[in-house]
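To start, the structure under review is shown below, and the notes come after it.
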Amino acid sequence: MFVFLALITLTTCLQIPLNPTIDDFYNPPKDLETSQLGDVLKWRKMPFPVTSMFVNLPISNAWQISVRSQDTLNNSLAIVATILEPPNGDKNKLISHQAFENSPLLSCSPSYSMQVPSFETFQIQADLIFISGLLSQGWYVVVPDYEGPNSVFPVGRQSAYSVLDSIRGTIKFFNSTGNSTVKTALLGYSYGAVASLWASIVQPNYAPELELVGAAVGCTIPNITAFIEKVDEGPYSGLIVNIFNGLANEYRHFRDRLIHFGALQPLGCLFPICRKFFFQKMIGGVYDAQVLTDETIKETIEINNLLSTRAVPQIPVFLFHSKFNEMSPFLEILKLEKLWCSQLGVNLEIAEDMSYNHMVEAFSGMPAAITWIEKRWNNSTLGGCKHVHRLSNFEYPGIAPFLSQYFRSSLQMVLNNNRYFNNTTR
């Protein structure tokens with residue numbers, strides 16, 4: 001009790017929100033089991049302002065909701081999501097933005113990180129640049145903690161359940177009956193893209209009542225093993241630790257087997273863990289060289305691969321990806337395109353460009369994604385599969401000049417902010 005009180009006192013003195021690990025709002029209520037999927041269990045005004053180290057956000061109101069969801073074994077969970085209201089916003093247009101948390105630790109979750117600008121929360125701070133662009137369109141935004149209370153990065157189906165139940169909860173928050181004319185678009189980058197696509201795949205059976213107009217995603221990861229092999233011995237080697245730790249959080253058999261291939265590594269947010277393992281050899285170094293060929297490890301990874309499921313999105317998908325992405329191999333995108341487009345009813349547009357790295361690709365593709373979503377609100381006709389090559393996705397037709405300028409200048413600002421990126425090389 002003394003330690004708990006001391007932590008609360010310290011948090012109050014420093015004027016930062018309570019860490020989710022000691023914040024009772026993140027704990028499920030006693031009536032969790034009697035609630036329905038998507039029910040709002042608790043809600044509150046955002047304890048502290050949403051704060052970005054890069055941009056000002058056009059926010060009129062911000063709330064956090066706790067929503068009933070479930071894990072991959074259908075066990076009940078309480079998921080926290082953040083709802084952001086823009087000035088003069090249109091409540092009938094909702095973006096579910098899946099942040100690229102990429103971390104197996106609750107204190108890295110978007111609901112907390114967007115209130116605490118720091119090196120530890122840098123990935124969510126960068127994502128707030130994109131969220132600001134969405135709010136400037138007059139769209140409501142919900143940002144789910146889709147990894148859940150156990151931080152199960154990168155578990156596909158639980159991510160999907162959390163996303164869909166957070167949308168349900170947001171609609172119920174504004175309309176207690178849950179019946180509304182709200183149109184929702186899914187948006188995400190990096191693993192946020194994977195969560196968005198899994199949500200689009202399971203939605204017809206899991207949440208058929210939701211009116212999803214489409215999913216706009218960038219740099220998705222169709223094959224986790226190929227991703228691991230690509231980032232190993234590079235600046236983002238630490239992501240391999242986060243992937244293994246996140247899967248271990250969800251699957252006990254995976255955790256028990258992983259120990260045979262190396263000691264369990266510390267939990268951490270994306271950038272601190274990448275700094276710790278900067279350019280280290282992970283497979284055949286930190287972990288035994290045979291870790292990816294072990295049947296338990298391999299099977300657990302495969303069930304979370306987009307390429308391992310025959311189910312396909314039943315809503316239109318816009319996917320932007322650089323041919324030169326240094327983290328998610330473009331060959332895997334082509335495999336996904338072939339798999340999906342071989343099936344009837346798939347509506348997929350791929351915007352391929354020549355952005356020279358993962359971060360630049362995010363900024364060049366996001367204005368195209370927003371432009372594509374704007375057309376989806378208006379039910380513009382789409383059909384079949386389309387794959388277009390461009391030098392840069394800044395050249396995507398119809399992008400508003402102010403939107404292009406906002407993302408170009410934001411990219412330059414992030415590149416110039418060396419005091420954060422330099423941390424990864426120390």
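Cβ from N, Cα, C; glycine included.
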Please name the cysteine among Cys13, Cys108 that Swiss-Prot pairs with Cys269 through a disulfide bond.
Cys108
Shortest C-alpha distance to Cys269 (disulfide bond) - which of the recorded positions Asn74, Ser190, Cys341, Asn378, Cys385:
Ser190
If you draw a 10 Å sphere on the Cβ of His358 (active site, charge relay system), how many other Cβ atoms land inside?
21
Mind giving me a neighbour count for Ser190 (active site, charge relay system)? Other Cβ atoms within 10 Å of its Cβ, every protein chain shown.
27
Sorry to bug you, but what's the C-alpha spacing from Asn175 (N-linked glycosylation site) to Cys108 (disulfide bond), rounded to the closest Å?
30
So of all those recorded positions, Asn74, Ser190, Asn223, Cys341, His358, which one's Cα sits nearest to Asn175 (N-linked glycosylation site)?
Asn74
Could you tally the C-beta atoms, other than its own, that fall within 10 angstroms of the C-beta of Asn74 (N-linked glycosylation site)?
7
